[in-house]
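Asker: Sharing a structure, written as structure tokens. Questions coming.
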Amino acid sequence: MASSSSNRQFSHRNVNTFLTYPHCPENPEIVCQMIWELVGRWTPKYIICAQEAHKDGDMHLHALLQTEKPVRITDSRFFDIEGFHPNIQSAKSVNKVRDYILKEPLAVFERGTFIPRKSSFQGNPSKGNSEKKPSKDEIMREIISHSTSKLEYLSMIRKEFPYDWATKLQYFEYSANKLFPEIQEEFISPHPPSSPDLLCNESIKDWLQPNIFQPTDEGTRKQSLYIVGPTRTGKSTWARSLGLHNYWQNNVDWSSYNEDAIYNIVDDIPFKFCPCWKQLVGCQKEFVVNPKYGKKKKVQMKSKPTIILANWDEDWMNEMTPGQLEYFEANCMIYKMSPGEKWYSPPVLPPTEEV
């Protein structure tokens, strides 16, 4: 089985997909039909599966899949069939891949109509004007369909449209980021509950259940949590141990906002430097933010709570107007730490032997 680490780094996006199933004795027709059903959302156009005998005597299976819309997956086991795991590649030259598949097959099955790859976006100049030159839209459509990475996408644009690439690079980079977003790694808490055990007040346990551990119901809003107290008490460690979250310290950076996060953490940021504080504290949905080095965007498609952590010297409540304080208290559970309070239990030391 692939490791979770390799699975987190996997990404495939293309209209042409080449699959190789090693040591696979399955019937090509059955595999073809199963793959066709798997990729239904991307509108499959053609598939061919061929079985061949490997040098070691085992049966291998090769498949070429063509879809109308690019297959976009981040799960390396998406194409697993009956426990058989394939090697997944982008077929950059579908003509050569198909020829390779049909080299020495023992059994073959096809469905749909094969779509040969054009030899060049710009056509064959040796044919003069007899062949219509593709439009800019057609060339871009080909680039979008066949590019397999951000780097390849920008390289193809640079080759086909050098002037546009030089003068409008920021727009192409923006579209590249949309087509090939950064893969979100599987969340592993940087502060898992361990020894010494993390703990919290009973009143906060009552807040945790409906706001962190229960899913958001449509039409309902969560409640945020404000914790103020001294430094080095473990409150940040405790807050970060609860699950997948957006974490901001020193400043709020919307460019890295993760919609899959369960909650947000604002840690040690003065009240006056926290943009959209009302939206965060009020667990509001679908509000617009303005990243420092990016375009405005809508975030937080569902209500999620924010845990605000502050020290006594930067208590948010001391900086608020009466109206702001009223809103804050109505939308936030406020917890002021007691003297000597910690968010972890001290480690149990082994008994010392008497001398």
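Think of each number as a place in line: the chain as shown, counted from 1.
Even glycines carry a Cβ here, placed using N, Cα and C.
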Asker: Which stretch, out of 18-21, 154-157, 238-241, 262-265, is listed as motif 'RCR-1' by Swiss-Prot?
Answerer: 18-21
Asker: Of the ranges 71-83, 175-187, 331-343, which one does Swiss-Prot flag as region 'Oligomerization'?
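Answerer: Based on what Swiss-Prot states, region 'Oligomerization' spans 175-187.
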Asker: Need the matching range: Swiss-Prot marks motif 'Nuclear localization signal' on one of 88-99, 220-231, 292-303, and I'd like to know which.
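Answerer: Result: 292-303 is the stretch Swiss-Prot calls motif 'Nuclear localization signal'.
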Asker: Taking 48-51, 100-103 as the choices, which stretch does Swiss-Prot tie to motif 'RCR-3'?
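Answerer: Range annotated as motif 'RCR-3' by Swiss-Prot: 100-103.
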Asker: Among the residue ranges 24-42, 195-213, 252-270, I'd like the one that Swiss-Prot describes as region 'Transactivation'.
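Answerer: In Swiss-Prot, the region 'Transactivation' feature sits at 252-270.
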Asker: Work through the binding-site residues one by one (Pro230, Thr231, Arg232, Gly234) and name whichever has its CA nearest to the CA of Glu52 (divalent metal cation binding site).
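Answerer: Going through Pro230, Thr231, Arg232, Gly234 one by one, the Cα closest to that of Glu52 (divalent metal cation binding site) is Gly234.
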Asker: Sequence gap of 6 or more, C-beta under 8 Å: which same-chain residues meet both conditions with respect to Pro230 (ATP binding site)?
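Answerer: Same-chain residues close to Pro230 (ATP binding site) (Cβ under 8 Å, separated by 6 or more) are Asn311, Trp312, Met337.
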Asker: Name the residue among the binding-site residues Thr231, Ser236 whose Cβ has the smallest number of other Cβ atoms within 10 Å.
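Answerer: Comparing Cβ neighbours within 10 Å for the binding-site residues Thr231, Ser236, Thr231 has the fewest.
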Asker: Go through His62, Arg232, the listed binding-site residues, and name the one with the sparsest Cβ surroundings, counting other Cβ atoms within 10 Å.
Answerer: Arg232
Asker: What other residues of the same chain, not counting Gly229, Pro230, Thr231, Arg232, Thr233, Gly234, Lys235, Ser236, have a CB atom within 8 A of the CB centroid of the ATP site?
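Answerer: Here the non-site neighbours turn out to be Asn311, Met337, Lys342, Trp343.
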